[in-house]
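If you check TrEMBL, you get these features:
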- Glu107: active site, nucleophile (ACT_SITE)
- Glu111: active site, proton donor (ACT_SITE)
- 309-322: compositional bias 'Basic residues' (COMPBIAS)
- 1-222: domain 'GH16' (DOMAIN)
- 306-330: region 'Disordered' (REGION)
- 1-22: signal peptide (SIGNAL)
Amino acid sequence: MTKLPSLFLVLTLVSIFVCGFGKRIPILSFDEGYSQLFGDDNLVLHRDGKAVHLSLNERTGSGFVSQDLYLHGYFSASIKLPADYTAGVVVAFYMSNGDMFEKNHDEIDFEFLGNIRGKDWRIQTNIYGNGSTSVGREERYNLWFDPADDFHQYTILWTDSQIIFYIDNIPIREFKRTAAMGGDFPSKPMSLYATIWDGSDWATNGGKYRVNYKYAPYVAEFSDLILHGCAVDPIEFSSKKCDTTSQSLELSATITPSQRSKMDSFRRKHMRYSYCYDQTRYKVPPVECVINPREAERLKRFDPVTFGGRRHHGKRHHRGRASRSEADTI
């Protein structure tokens, strides 16, 4: 396994400016930082390895994974999603150590949920720590653009004290570690993954609308791949470089007043679900939740059954897996 110091010596000279770091972070080619996870020839490299196409067809989906494990870091990709009818299709850009810690894994997710023609893609973020899958920490949003029209940058910033999700350098979610959470905050080294797969059983309207393979192949395009973090030994899960890297990340994780204003605006206009306000799942919000009265009132007006505690008098509203709980509404 390639270690981070030697990896940075062979990085491409191409780089992008990352808001908050005050410097340019190099962009990796595929072979410098990633390996194919599954999908055979459904993974295709373009632009001399600077771009990756993942496709889903009747035979299989596809995916790739970072060559190294990381303990904290800045992880980013520009992604263009499939267009037209995409119901049941799931594209994921996420961190996980589930292959090493089956019963107590950590996970930090961007999930993109396809839809029927004429309806927009939905985006979902989620966080697990120490196998805490019984507590889904999902938030779901609409977007202010069509993610199938062009590339947009999606970023996970993970430090020892917080996790921030960004879209086009705008923070959309800030998740802070609290003492009450204990081990539920992701704290073990993870790999970075990107996948496309068939989520017909849950992804669109609770499985009502499924992948239609007459529109295949579904192709998700990835470029501007960034792995900027502390690579750790896969056996000892440690690195002498981690303390310095973690300090740098913590300094970079400060949300400026301008960024916070943009984040508040995004959440006010585009957030459609947050587990913290879901009274059908949690009679008492999970310990890490900080309740914003304005968010609570807006979500209650949007869905009085889920967020207002009002009883549903019609057909019972069934939920899927904890991590997919709000995938049932177009």
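Cβ coordinates are placed from backbone N, Cα and C, and glycine is handled just like the others.
Just so you know, TrEMBL annotations never went through curation; they're auto-generated.
Just so it is clear, the model here is predicted, and its values are computed rather than measured.
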Residues near the residue listed as 'active site, nucleophile' in space but at least six apart in sequence (CB under 8 A): Tyr94, Met95, Ser96, Asn97, Gly98, Asn126, Ile127, Tyr128, Pro186, Met190
All-chain count of other Cβ atoms within 10 Å of Glu111 (active site, proton donor): 22
PLDDT averaged over the residues of the domain 'GH16' (1-222): 89
